[in-house]
Amino acid sequence: MEGELAANWSTEAVNSSAAPPGAEGNCTAGPPRRNEALARVEVAVLCLILFLALSGNACVLLALRTTRHKHSRLFFFMKHLSIADLVVAVFQVLPQLLWDITFRFYGPDLLCRLVKYLQVVGMFASTYLLLLMSLDRCLAICQPLRSLRRRTDRLAVLATWLGCLVASAPQVHIFSLREVADGVFDCWAVFIQPWGPKAYITWITLAVYIVPVIVLAACYGLISFKIWQNLRLKTAAAAAAEAPEGAAAGDGGRMALARVSSVKLISKAKIRTVKMTFIIVLAFIVCWTPFFFVQMWSVWDANAPKEASAFIIVMLLASLNSCCNPWIYMLFTGHLFHELVQRFLCCSASYLKGNRLGETSTSKKSNSSSFVLSHRSSSQRSCSQPSTA
């Protein structure tokens, strides 16, 4: 069934290198043919994505744990976004990698439903935690006095995770272990109505991509307007302070200059965090746009080239978003990784120094014991010589 194949593609459920015998044929009519060359490319791409996502996000979490500013609100959101990216790596990329290696799903029906459920949980969590971080930056810039407190931040993150768990529930009912050929079982999606794949893929696209992108665009539109307005006010205040009337004002002019400079410093710090979240959002859009474009094309166009290699590889590149985020953190918060490297070097130096001290003390003990033995033997010889004479 065309709808079943499209649904499997949409969430990386079925081995993407499987080419169906016919677009209009039933999926249970015969086992799909396997494109071995394409499967090897998929395995290589997924291995690279998995390595980058695991290593990068693990370093971010370790750096956030060792930093002195671990209670920062921005770092709090970064931590949960890194956790979501690790969920994508472990429960979305890794199962798909194993699937491409084995070609078939080997496991019970419960494991099939659980894997498909967790794959979409990571997708929702990564998207909506990024949206929450952007809303926090919008409040910090537009309404700094009414920005969320830390306890509210925790509740918002908890509500986001719970919402993602609930929104992913349809996966449990759509996917199951089914017989796709005589004696051949696979984790497959089945829709009761023929319009089911179109409705489901469209809903996923709206919930994970289109609606978040609209909200993100609104957030950064407000942020850009507020920053532009703030720059205008600071420019006007600086011009007024440098005017002759401001110079004649004495202490008042100096106080105005002090206020302007302090506001400028605070704005630079906030603008830097806004730049970081904006680049993360841009990476999100770049990575997910081809994926959802191909998804919508596959279910709304019966003549879509579902067997084309480029069409299938694009399905895998959405997970690149989980690899990009750690490098963006490193670019804008380099002190985190600098502190992590320094901590690692200090621990390594302390370990090596401890080993050297241990070796030195051992050698001193051996030298002192040999000196005592030689001293005792010489004294014994001096005492024994008169008796023999």
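Quick reminder: no glycine exception, Cβ is built from N, Cα and C everywhere.
According to Swiss-Prot, the compositional bias 'Polar residues' annotation covers 8-18.
Annotation source Swiss-Prot lists compositional bias 'Low complexity' at 360-389.
The disulfide bond feature in Swiss-Prot is assigned to CYS112-CYS187; the stated evidence is sequence analysis. DSSP assigns CYS112 (disulfide bond) to a helix. Within its own chain, CYS112 (disulfide bond) has PHE105, PHE175, SER176, LEU177, CYS187 as residues 6 or more apart in sequence whose C-beta sits under 8 angstroms from its own.
Annotation source Swiss-Prot lists N-linked glycosylation site at ASN8 (among others), citing sequence analysis.
Marked as N-linked glycosylation site by Swiss-Prot on the basis of sequence analysis: ASN15 (among others).
Taken from Swiss-Prot, the feature N-linked glycosylation site applies to ASN26 (among others).
Among the features that Swiss-Prot reports, phosphoserine is placed at SER366 (among others), with the record citing similarity to another entry.
If you look up Swiss-Prot, you'll see SER368 (among others) marked as phosphoserine, on the strength of similarity to another entry.
Here Swiss-Prot flags 1-27 (among others) as region 'Disordered'.
Swiss-Prot lists 358-389 (among others) with the feature region 'Disordered'.
Restricting the average to the topological domain 'Extracellular' (1-38) gives a pLDDT of 45. The annotation topological domain 'Extracellular' is assigned in Swiss-Prot to 1-38 (among others).
Residues or ranges marked as topological domain 'Cytoplasmic' in Swiss-Prot: 64-74 (among others).
Annotation source Swiss-Prot lists topological domain 'Extracellular' at 98-113 (among others).
Annotation comment: Swiss-Prot describes 136-154 (among others) as topological domain 'Cytoplasmic', evidence class sequence analysis.
The annotation topological domain 'Extracellular' is assigned in Swiss-Prot to 176-202 (among others) on the grounds of sequence analysis.
As annotated by Swiss-Prot, topological domain 'Cytoplasmic' applies to 226-275 (among others), with the evidence given as sequence analysis.
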Open item on the list: Counting a contact as 3 or more Cβ pairs under 8 Å, with residues at least 6 apart in sequence, do the transmembrane segment (114-135) and the transmembrane segment (276-294) touch?
Closed with: yes
- [ ] May I ask you to check whether the transmembrane segment (310-332) and the transmembrane segment (203-225) make contact, with contact taken as at least three Cβ pairs under 8 Å and only pairs 6 or more apart in sequence counted?
- [x] no
- [ ] Run through the Cβ atoms and count how many others sit within 10 Å of the one on CYS187 (disulfide bond).
- [x] 25
Task: Secondary structure at CYS187 (disulfide bond), reduced by DSSP to three states - done: strand
